[in-house]
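Undergrad: Can you read through this structure? Questions will come right after.
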Amino acid sequence: MTLRQALGEAVRRLAAGGVERPRLEAEVLLGWACSLTRPRLLARLEEELAPAAAGRFWQAIDRRAAGYPLQYLTGHQEFMSLDFKVTPAVLIPRQDTEVVVEAVLERLDPCESYTIADCGTGSGAIALSLAHYLPRARVYATDISPAALTVAQENARKLGLAARVTLLQGDFLAPLRGLKLDALVANPPYIPTAALPGLPADVRSEPRLALDGGPDGLDAYRFLLPGAAGLLRPGGLLALEIGSDQGQAVKDLARAVGAYRNEQVLPDYAGRDRCFLAYRREE
């Protein structure tokens, strides 16, 4: 079987499994199985599919058609133009979260020194992106999962950022006690518990701890908003990813804390609520 023939059959299987972009994902998985970049793969479609690569490829195609995430199969995801290792121990970084990182970068000067924290770092995508684009920043990243921190550590080493990013095990803010931060960023779990069973199969494959936001999806914000106020310097920036219908609710929670000013909600690329921003009030 040639690579072209394998690609055609893979597209058919993925489409039958409900994959939205079967051609693109088939090309990605075939390139991964053959250790070829996509352009090189497309230039060699008349070559035969090697037996070793075929075994890896068809197993991956069948798992993807059954709803297993593409990124867990390849072990990679691009975020903020950086390549991150991902495993089933971490949430897969998404384009929506880039809105949060970009909002922080727009408000901080890359020539200045900052102390920043990322709570619930997972793969380290937010923390490491901020460290990459803010070369004088010192970043602290927390996660309760040792397995997630192992992935984040590998990404920090691969990106050459391990010297400026400190990984701390613990629940959200607990490892940050005693620090004074210029910015605190988090993508907390915000999906209501009752909505979890209705999520697509690939999303349900991700860590429940990173998804389940409690009965109304707001549990993490009730904890983070008052806690962050005690860590941020006066004028410090708080940036949180939020669910698409949670903007007003998170604003109300922040205002009830009484420690913030200039609360605002920014949309994602589809125009939905995605990022809550506020500044710590000056004393």
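All positions are counted from 1 along the displayed chain.
Positions of Cβ are set from backbone N, Cα and C atoms, glycine also.
According to Swiss-Prot:
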- GLY120, THR121, GLY122, SER123, GLY124, ASP143, PHE172, ASN187: S-adenosyl-L-methionine binding site (BINDING)
- ASN187, PRO188, PRO189, TYR190: substrate binding site (BINDING)
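Let's see these features in context: how buried, what's close, how far.
TA: The Cβ of PHE172 (S-adenosyl-L-methionine binding site) lies under 8 Å from the Cβ of CYS119, GLY120, THR142, ILE144, ALA186, PRO188, ALA220, PHE223, LEU224, GLY227, each on the same chain and at least six residues away in sequence. A coil conformation is recorded for PHE172 (S-adenosyl-L-methionine binding site) in the three-state DSSP classification, outside any helix or strand.
DSSP classifies PRO189 (substrate binding site) as coil under the three-state reduction. Residues within less than 8 Å, Cβ to Cβ, of PRO189 (substrate binding site) and separated from it by at least 6 positions along the same chain comprise GLY120, LEU209, ALA210, LEU211, ASP212, GLY213, GLY217, ASP219, ALA220.
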Undergrad: Give me the long-range Cβ neighbours of ASP143 (S-adenosyl-L-methionine binding site): same chain, 6+ apart, Cβ under 8 Å, in sequence order.
TA: GLY120, THR121, GLY122, LEU149, ALA152, LEU167, GLN169
Undergrad: Report, in whole Å, the straight Cα-to-Cα distance of GLY124 (S-adenosyl-L-methionine binding site) from TYR190 (substrate binding site).
TA: 18
Undergrad: If you count Cβ atoms within 10 Å of the Cβ of GLY120 (S-adenosyl-L-methionine binding site), leaving out that atom itself, what do you get?
TA: 24
Undergrad: Counting only residues 6+ away in sequence within the same chain, which have a CB under 8 Å from the CB of GLY124 (S-adenosyl-L-methionine binding site)?
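TA: Spatial neighbours, sequence-distant, of GLY124 (S-adenosyl-L-methionine binding site): PHE84, ASP118, ALA141, VAL151, ALA152, GLN153, ASN155, ALA156, VAL165, LEU167.
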